[in-house]
Amino acid sequence: MKFSDVVDALERLERTTSRTQIVAILTNLFKKVIEENKDIIDKVVYFIQGKLWPDWYGYPEIGIGEKGIIKAISLAANVKEKEVEGLYKQLGDLGLVAERLMAKAPKGGLMMFVKKKEELTFEKVYETLKRIAFMQGEGSRDLKIKTLAGLLKEASPKEAKYIVRFVQGKLRLGVGDASIIEALAHVAGTTKDVVERAYNLRADLGAVAKIAVTEGPEALKRVRPKPGVPVRPMLAERLNDPKEILKKLGGKGLAEYKYDGERAQIHLLPDGKVVIFSRRLENITRSYPDVVQYAKSGLKAKEAIVEGEIIAVNPETGEPRPFQELMRRRRKHDVALAMSEIPVNVKLFDIIYVDGEDMTNKPLPLRRKRLEEVVEESEEFSLSTAKLVSTPEELEQFFHQSISEGHEGLVVKAVHDKSVYQAGARGWLWIKYKKDYKSEMVEPVDLVVVGAFYGRGRRGGTFGALLVAGYDEKRDAFATVCKVGSGFSDEELARLPELLKPYISETKPPRVISNVKPDVWVRPALVAEIIGAEITLSPIHTCAKDEVSAGSGLAIRFPRFIRWRPDKGPEDATTCGEIVEMYKSRLKKVEEPT
Ligand code: ATP
């Protein structure tokens with residue numbers, strides 16, 4: 001197919017903002033592709049999207065920066081780089097610069113005496129750009145530039161303009177997926193719903209286009225998820241009232257902890273390979289070699305697509321760590337180091353496909369059951385904590401339980417017959433409930449040790465975390481606020497058994513009010529300075545129980561040990577009343593729905 005046909009369409013697309021016209025231009029272009037060479041429809045679609053292939057392929061990028069493009073234009077137009085740069089300053093668009101200079105370039109050299117210049121084809125442009133992308137290693141920069149210059153030389157000035165813009169990643173046609181889908185539906189003689197459904201299950205518009213034009217609408221209708229190709233994720237709506245949530249869901253729902261991590265779509269391929277896609281469908285496999293291992297050993301199927309949330313955990317206590325920690329890990333270049341410093345767990349919440357079975361059209365209870373069967377759970381790789389709820393009270397209680405364990409809230413999901421997996425849609429089958437009860441913590445508090453937990457991993461043989469409490473003046477007792485396992489140096493950890501020994505008690509000490517049962521109880525004596533990220537409502541901790549909200553106490557989220565306060569006795573610790581004040585003074589408003 002002539003590249004000029006594509007360029008004509010690009011030019012027209014650039015000139016309009018009307019959706020109807022955009023769809024009409026695309027429809028004509030696709031018709032032309034079908035006439036000329038329908039096998040390249042996928043590539044034409046990617047090209048219109050300004051790409052050579054979907055990002056998740058993980059293929060290299062073209063990899064020529066602005067300087068390189070300038071050099072290529074100078075070579076192709078036979079002018080000095082300075083001249084290209086000068087004109088670029090003036091015009092502000094390298095595409096226009098190429099067009100202008102190529103128009104002036106002498107079409108001379110030997111070419112003049114050889115045969116008439118052949119018309120550039122789309123296939124050639126695409127293949128050349130692909131070749132450039134795959135040029136890697138030593139000397140590849142020069143080779144990339146020379147190859148691009150060669151391509152520009154073969155192009156008309158107008159074609160050169162679009163090639164340059166494409167290479168620069170600045171095609172910017174304003175064509176959305178929806179317009180491409182509509183045009184594809186027209187040329188394939190079907191409705192846009194049929195194309196869209198296929199696209200939601202296989203987030204590769206080029207591949208879907210190819211099925212549409214080479215195999216037809218019936219084949220599109222048969223499209224199922226395919227391990228290795230990301231599925232567009234189902235998304236949740238949001239409500240802040242438990243009653244309304246239940247009403248929307250028809251009276252009951254499966255409430256699941258909402259984990260604050262990174263969404264992961266985990267694909268197990270028939271050859272045993274595992275690929276992980278992010279919420280935005282980037283291939284993030286390389287960031288999570290540990291998750292790849294968990295999936296390999298934890299998925300009992302030949303092929304499968306499951307979904308879950310990857311969360312950072314404290315290696316010693318197994319407790320969740322803030323989302324920022326996970327992002328810190330993603331930024332680290334040394335993946336092995338990041339893995340040991342910031343280990344992760346996966347909390348699975350859905351199954352999209354397993355061994356030939358498309359699960360997307362099955363109701364949630366069936367999917368959850370299948371997920372239970374397919375996943376061999378371990379500490380690192382397990383199903384989300386979930387509970388069937390049918391009253392606002394149950395829902396609220398479970399919400400507090402989630403928060404108190406360090407999670408974000410709940411996602412409450414429909415369980416009726418129509419509770420399918422709606423790929424690519426935000427709908428009312430999933431409702432997130434993350435009413436914000438958080439209050440930022442800005443100053444440290446002094447808390448009394450009332451219990452301790454045995455350590456794991458590196459902390460085997462000593463204690464891994466302490467149960468700490470505030471002083472409850474009204475009851476002259478100590479009410480728990482959190483379990484703290486972070487912030488201790490290795491020496492401090494090693495010293496813990498000796499330090500706690502004199503105070504260890506067989507039974508719960510009389511003045512301790514706690515719903516949490518530690519591995520050992522500790523009589524109130526030692527005071528530690530602690531800072532956390534937030535103070536939140538908690539159904540578990542007993543500090544200020546019922547004072548702010550019925551049935552809840554207050555807890556500190558993401559607490560860190562700062563130092564011991566040997567100068568303070570237990571009654572000198574921060575009081576629960578003070579913690580209430582701190583909570584109230586920094587309370588954030590309920591988050592606006594997103
Ligand atoms: P948010 O910023 O609230 O995470 P979002 O726009 O990324 O929202 P939504 O679909 O609105 O996505 O909210 C659901 C998100 O919550 C999912 O994308 C997923 O990453 C996360 N999540 C955590 N736990 C669960 C769970 N049990 N079930 C479904 N999603 C969960």
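All positions are counted from 1 along the displayed chain.
Every residue gets a Cβ built from N, Cα and C, even glycine.
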Need a hand: Swiss-Prot gives E256, R263, E309, F349, R426, K432 for ATP, which of R279, R321 is also on that list?
R279
Check the Cα distances from K258 (active site, N6-AMP-lysine intermediate) to each of the binding-site residues R279, E309, R426, K432 and keep only the ones within 10 Å.
E309, K432
State the three-class DSSP label for R279 (ATP binding site), counting H, G and I as helix, E and B as strand, and everything else as coil.
coil
Just checking a number: largest C-alpha distance across E256, R263, R279, E309, F349, R426, K432 for the ATP site, rounded to a whole Å.
18
Please report the number of other Cβ atoms within 10 Å of the Cβ of K258 (active site, N6-AMP-lysine intermediate).
23
